[in-house]
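Engineer: Okay, these came from TrEMBL:
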- 38-286: domain 'G-protein coupled receptors family 1 profile' (DOMAIN)
- 20-45: transmembrane segment (TRANSMEM)
- 57-75: transmembrane segment (TRANSMEM)
- 95-116: transmembrane segment (TRANSMEM)
- 136-160: transmembrane segment (TRANSMEM)
- 195-222: transmembrane segment (TRANSMEM)
- 234-257: transmembrane segment (TRANSMEM)
- 269-288: transmembrane segment (TRANSMEM)
Amino acid sequence: GNHTLLTEFVLSGLSSHPELQHLLFFTFCLIYTITIIGNLLIFMVTVHPTLCMPMYFFLRVLSFLDISTVSTVVPKMLVNFLSEDRSISYTGCATQLYCVIFLAATEWYLLAAMAYDRYVAVCHPLRYATIMSRRVCLALVLLSCCSGNIVSAVQTAWVFTLTFCGPKKINYFFCDIPPLIMLSCTDTSVYEKQIIIATALVIFTPFCLILVSYACIISSILKISSAEGRCKTFSTCSSHLVVVSLYCGSGALIYLLPKASYSQDTKKVLALVYTTIIPTLNPLIYSLRNKEVKGVL
C-alpha cells in the first residue's frame with residue numbers, strides 16, 4: 001500500500017562514464033548513418049526491373065525491417081548520450097518494447113522464408129518460378145508480420161500487466177523484457193517460464209528451418225562439378241549462417257535466461273548485436289556481395 005506506481009522509467013544507457021558519452025554518441029551516430037544508407041541503397045536498388053526475383057523482394061522487406069529496428073532503438077540512445085534527462089514515459093517504454101519485439105520476431109520468420117527461397121532456387125531450379133510465385137512470396141511476408149505482431153502483442157501486454165513500484169531506473173539503453181522484469185515487485189516466475197517457450201517458438205523454430213534449408217543446399221552444392229562454383233556458394237552460405245547464428249545466439253542468451261547471473265554489461269553487448277550490429281551487416285552480407293546487385297548499383 002505504500003508503493004508508488006511508476007509513470008515513467010529512466011534509461012541508464014550503455015555507459016555511466018561521462019567522459020565516454022561524446023565518443024559513444026559519434027560512434028553510434030556513424031553506425032546509424034551507415035545502416036540507414038546501406039539499407040536504403042538496397043531497398044532502392046532492388047526495385048530495379050532487372051531484379052524482379054523473389055530473393056530481391058525479400059531483401060527489400062529485410063532492409064525495411066533493419067531500418068525500422070535501428071530507428072526504434074538508436075535515436076533515443078543518441079539523445080541520452082548528450083542529455084541529462086534520460087527518462088522515457090510508461091507509454092513510450094511499452095511502445096518501444098512492442099516495436100523491438102515485433103521487428104525482431106518478424107525478421108526471424110523472414111530469414112526462414114529467405115532460406116526456404118534459396119533452398120528452392122538451388123535444389124529445385126526448374127520448379128522455382130512455380131513454387132515461389134509472387135502470391136507465395138507475399139503470403140510468406142504477411143505471415144511473418146502477423147506472427148511477429150502476435151508474439152509482440154502478447155509479450156508486451158504480459159510485461160506491462162506486471163506491477164512496477166520502484167526503482168524506476170532501467171540499467172539498459174532501451175526498454176526490453178529482461179531489465180523490465182527485474183524492476184517488477186510482483187512474482188515473475190510464471191512469466192519467465194512462458195518467455196522460454198516464446199523464445200523457442202520465435203528463435204529456435206526458424207533457426208532449425210534455416211539449418212535444414214542450408215543443409216539441403218550444401219548437399220546439392222557438393223554435387224557441383226566446378227570447384228569455383230562450390231567455393232562461391234559455400235562462401236555465401238557460410239556468411240549467411242554466421243549472421244543468423246549471431247542473431248540467434250545473442251537473442252537466446254538474453255531471453256532464455258532473463259535473470260541470468262552474467263553481468264548487465266554483457267547483456268547490453270548482446271542486445272547491441274541484434275538491434276544495431278546485425279542491421280548494419282545485413283546489406284553487406286545479403287546484398288552488396290551479390291554480382292547483380294553491384295551491377296545495378
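Glycine residues also receive a Cβ, built from the backbone N, Cα and C atoms like all the rest.
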Engineer: Where else in the chain does the transmembrane segment (234-257) make close Cβ contacts, counting only residues six or more beyond its ends and a cut-off under 8 Å?
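Structural biologist: 104, 107-108, 111, 115, 176-178, 195-196, 198-199, 203-204, 207, 210, 214, 217-218, 221, 267, 270-271, 273-274, 277-278, 281-282, 285-286, 289.
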Engineer: Can you find at least 3 Cβ pairs under 8 Å between the transmembrane segment (57-75) and the transmembrane segment (195-222), where each pair is 6 or more residues apart in sequence?
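Structural biologist: Counting Cβ pairs under 8 Å, fewer than 3, so no.
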Engineer: I'm a bit unsure how to read this: which one of 136-160, 195-222, 269-288 has the highest number of Cβ pairs shorter than 8 Å with the transmembrane segment (20-45)?
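Structural biologist: Selected stretch: 269-288, with the most Cβ pairs under 8 Å.
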Engineer: Same chain, outside the transmembrane segment (136-160) by at least 6, Cβ under 8 Å from its Cβ: which residues?
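Structural biologist: Hits for the transmembrane segment (136-160): 54, 57-58, 61, 94, 97-99, 101-110, 113, 116-117, 177, 180-181, 191, 194-195, 198, 201-202.
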Engineer: Go through the chain and flag residues at least 6 beyond the ends of the transmembrane segment (269-288) whose CB is under 8 A from any CB in it; none is fine as an answer.
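Structural biologist: Here the qualifying positions are 14, 28, 31-32, 34-35, 38-39, 41-42, 45-46, 59, 62-63, 66-67, 69-70, 73-74, 100, 104, 114, 172-174, 176, 239-240, 242-243, 246-247, 250-251, 253-254, 294, 297.
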